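Asker: Handing you this structure, nothing more for now.
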Amino acid sequence: MFVTPIEHAVQKRKKQKQRSVVDPVTRERQLKRNLADLEKDNFSDIRFEIPKDLLQRRVLPISVRRILSSRKTFVNYLDETPNSRYNTCVAKPSYKPPRKFCNVCGYWGKYACQNCGTSYCSKGCEVIHSETRCMKVYA
């Protein structure tokens, strides 16, 4: 079958307009997966060495000095405390809708990507998002 250049252009345009729109459940699952990856990244706390002269200038109680010089992390302290309420505390849901920020620059995200639903603010940020940050494959 012979295809004219006009028909070829129409077919090409139709293919470009077809986008894979992802349902909210898949978006939520991808968001949770990204948050879990961020939790795993840089899991160890940064250790700051306190100079001896700073500790000797001020009169600090022994308990404070012990905490400052300890190698324990915040997670270790949470594990030690019995009946820790840090992980169980919950705030009531907000009555306001969640604010949307641009995924690229952090400004107000007034537009949303049709593929993944991520917010962006301008055409330039949309181009950057579609080239580098858009999750095109959902599994």
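Note: Cβ is positioned from N, Cα and C throughout, glycine not excepted.
In case it's useful when we look at the structure, here is the feature table from Swiss-Prot:
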| type | residues | note |
| --- | --- | --- |
| BINDING | C102, C105, C121, C125 | Zn(2+) 1 binding site |
| BINDING | C113, C116, H129, C134 | Zn(2+) 2 binding site |
| ZN_FING | 102-134 | zinc finger |
Asker: Within 10 angstroms of the C-beta of C121 (Zn(2+) 1 binding site), what count of other C-beta atoms is obtained when all protein chains are considered?
Answerer: 19
Asker: I'm checking region-level scores; what's the whole-number mean pLDDT for the zinc finger (102-134)?
Answerer: 88
Asker: For C116 (Zn(2+) 2 binding site), find which of the binding-site residues C102, C105, C125 come within 10 Å, Cα to Cα.
Answerer: none
Asker: How many of the residues that make up the zinc finger (102-134) does DSSP mark as helix, as strand and as coil?
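Answerer: Split into helix, strand and coil, the zinc finger (102-134) gives 11 helix, 5 strand, 17 coil.
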Asker: Give the sequence-ordered list of residues that share a chain with C102 (Zn(2+) 1 binding site), lie 6 or more positions from it, and have CB atoms under 8 Å from its CB.
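Answerer: In sequence order, W108, G109, S119, Y120, C121, S122, C125 meet the Cβ cut-off.
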Asker: Can you tell which of the binding-site residues C113, H129, C134 lies nearest to C105 (Zn(2+) 1 binding site) in space, using Cα positions?
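Answerer: Smallest Cα separation from C105 (Zn(2+) 1 binding site) among C113, H129, C134: H129.
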Asker: Hey, for the Zn(2+) 1 site built from C102, C105, C121, C125, who else sits with CB inside 8 A of the CB center?
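Answerer: Sorted by sequence, the hits are F101, N103, V104, G106, Y107, G109, S119, Y120, S122, G124.
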